[in-house]
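Q: Sharing a structure here in structure tokens format.
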Amino acid sequence: MTQQNFVELKNVTKRFGNNTVIDNLELSIPQGHMVTLLGPSGCGKTTVLRLVAGLEKPSAGKIFIDGEDVTDRSIQQRDICMVFQSYALFPHMSLGENIGYGLKMLGQPKAEIRERVKEALELVDLGGFEDRYVDQISGGQQQRVALARALILKPKVLLFDEPLSNLDANLRRSMREKIRELQQQFNITSLYVTHDQSEAFAVSDAVLVMNKGKIMQIGTPQTLYRQPASEFMASFMGDANIFPATLATDYVEIFQYRLPRPANFTTNRQSVTVGVRPEAITLSRNGNISQRCTISHVAYMGPQYEVTVDWQGQTLLLQINATQLQPDVGDNYYLEIHPFGMFILTEKNSG
């Protein structure tokens with residue numbers, strides 16, 4: 001256990017009967033960092049959260065928190081708090097009683113509990129709400145209460161189990177901002193589970209993508225999007241157009257279309273598979289024959305169009321700014337691929 005890593009899973013495997021849901025997983029979370037687990041349904045991300053919490057015991061491997069082996073400890077012995085999707089508030093208690101319940105169970109003086117409850121409510125912008133009840137507040141406010149209930153205990157580790165999935169889009173945006181703000185303010189080491197990619201990107205220092213119980217890639221949101229390690233990652237982290245390509249010293253050639261070689265293409269290989277994000281392809285009325293394409297589908301998305309084009313026997317997906325172009329099906333254009341949105345895939349599809 002290194003000093004900078006506050007939570008570590010070492011060679012952790014979890015089986016349910018003959019089904020291996022976590023396969024020899026290695027995970028390190030530095031002190032004060034927020035790491036998000038992301039992946040398709042059934043990939044094992046919630047099981048990892050439950051293993052860290054002590055709600056499940058690993059079939060093999062060790063779990064460390066703050067340098068201590070907690071593999072065999074219960075959740076009560078791990079100094080951990082969880083924020084659940086369902087909020088898990090007591091309807092027969094006031095909000096103040098809900099938030100202060102953990103302190104009450106620890107035997108803290110009533111006066112101290114009242115003071116800390118007031119402070120916690122202020123933190124989540126619910127000052128003066130201590131005497132209200134769960135059925136008197138909105139879903140977004142209930143999630144703030146659940147967050148305050150966790151923060152008041154000042155845990156070593158904070159776990160989030162899809163906490164925003166029951167909220168509408170606008171509330172999700174404001175709540176993820178509040179969660180990130182408070183997590184950074186208190187420097188709490190946190191593990192977050194979600195199925196929402198934009199949510200994962202917004203709250204995380206690092207994102208860990210899982211599939212079939214294994215880690216596919218871990219990195220900053222920018223790294224995962226711009227430098228995916230495999231075809232699975234390229235597609236999972238957003239739309240991607242995948243092509244075979246030839247690399248020369250100063251250019252990349254895709255179906256006879258040559259463009260400048262990106263500086264980060266450092267491989268010595270000549271034949272590679274490249275990915276191009278839809279926003280890195282633009283359309284114009286001028287170009288070479290190798291760039292000529294025909295629009296086959298257009299979907300208006302508000303600020304942008306999602307456009308499908310036929311090019312060199314391939315079907316490409318583009319995202320076009322709606323203020324710059326109004327494409328129609330059947331129109332002919334010349335496409336341009338911009339190097340900033342290109343990446344080399346180093347592995348075949350791992351999905």
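From the backbone N, Cα and C atoms, a Cβ is placed for every residue, glycine too.
Pulled from Swiss-Prot, these are the listed features:
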{"type": "DOMAIN", "residues": "7-237", "note": "domain 'ABC transporter'"}
{"type": "BINDING", "residues": "Gly39, Pro40, Ser41, Gly42, Cys43, Gly44, Lys45, Thr46", "note": "ATP binding site"}
Q: Centre the Cβ atoms of Gly39, Pro40, Ser41, Gly42, Cys43, Gly44, Lys45, Thr46, go out 8 Å, and tell me which other residues of that chain have a Cβ in range of the ATP site.
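A: The answer, listed by sequence position, is Met210, Asn211.
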Q: Which one of these binding-site residues, Gly39, Pro40, Gly44, has the sparsest Cβ neighbourhood, judged by other Cβ atoms within 10 angstroms?
A: Pro40
Q: Given the model, what does the mean pLDDT over the domain 'ABC transporter' (7-237) come out as?
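A: Result for the domain 'ABC transporter' (7-237): average pLDDT 94.
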Q: Using all protein chains shown, find which of the binding-site residues Ser41, Thr46 scores highest when you count other CB atoms within 10 A of its CB.
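A: Highest number of other Cβ atoms within 10 Å: Thr46.
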Q: Going by DSSP, give the three-state secondary structure for Lys45 (ATP binding site).
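A: In three-state terms, Lys45 (ATP binding site) counts as helix.
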Q: Let's check the environment of Cys43 (ATP binding site): how many other CB atoms sit within 10 Å of its CB?
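A: For Cys43 (ATP binding site), the count of other Cβ atoms within 10 Å is 23.
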Q: Using other CB atoms within 10 angstroms as the count, which residue among the binding-site residues Gly42, Lys45 scores least?
A: Gly42
